[in-house]
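*Asks:* Below is the structure I would like to discuss, written out as structure tokens.
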Amino acid sequence: MGNRAFKSHHGHFLSAEDCKVKTHHGHHDHHTHFHVENHGHHKVAIRTHANKYVSINDNNDVYISHHFHGEHSLFHLEHHGGKVSIKGHNHYYIAADQHGSIYTTHHHHHDATFEEFIV
């Protein structure tokens with residue numbers, strides 16, 4: 001599917017730094033570029049610029065893994081009127097609040113909706 005950047009409702013880009021998913025405010029660089037891999041059955045894996053995987057653990061925490069962790073590293077990209085939501089195996093969405101903190105939520109709302117850019 002190719003390289004993507006994801007900009008939150010609050011203007012922050014998802015970013016992978018120091019083995020954590022964070023946000024950058026207002027701009028994007030190599031830390032904010034993710035490679036989206038199609039894994040069939042409407043599921044994708046999201047790899048960082050350093051070839052690590054975005055994942056959600058059993059406690060619903062978003063983390064970066066050095067290895068593909070099966071269902072923990074698979075997501076469904078839901079498209080909503082030109083925006084995208086990133087839904088994990090556990091039916092939780094990756095979200096970014098107004099302060100740029102990353103969390104997961106079971107509810108689909110504006111914090112869990114991103115602009116998707118092809119990079």
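Just so you know, glycine gets a Cβ as well, placed from its N, Cα and C.
Not my notes, these are from Swiss-Prot:
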- Gly2: N-myristoyl glycine (LIPID)
- 8-110: region 'Contains several HHXH repeats' (REGION)
- 34-87: region '2 X 13 AA approximate repeats' (REGION)
- 34-47: repeat '1' (REPEAT)
- 75-87: repeat '2' (REPEAT)
*Asks:* DSSP helix, strand and coil counts for the repeat '1' (34-47)?
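*Replies:* Result for the repeat '1' (34-47), in helix, strand, coil order: 0 helix, 9 strand, 5 coil.
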*Asks:* CB neighbours of the residue listed as 'N-myristoyl glycine' within 10 A?
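*Replies:* Summing over all protein chains shown, the residue listed as 'N-myristoyl glycine' has 10 other Cβ atoms within 10 Å.
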*Asks:* If you average the pLDDT over the region '2 X 13 AA approximate repeats' (34-87), what number do you get?
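*Replies:* So the average pLDDT across the region '2 X 13 AA approximate repeats' (34-87) works out to 96.
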*Asks:* By DSSP, what is the split of the region 'Contains several HHXH repeats' (8-110) into helix, strand and coil residues?
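*Replies:* Taking the region 'Contains several HHXH repeats' (8-110) as a whole: 8 helix, 50 strand, 45 coil.
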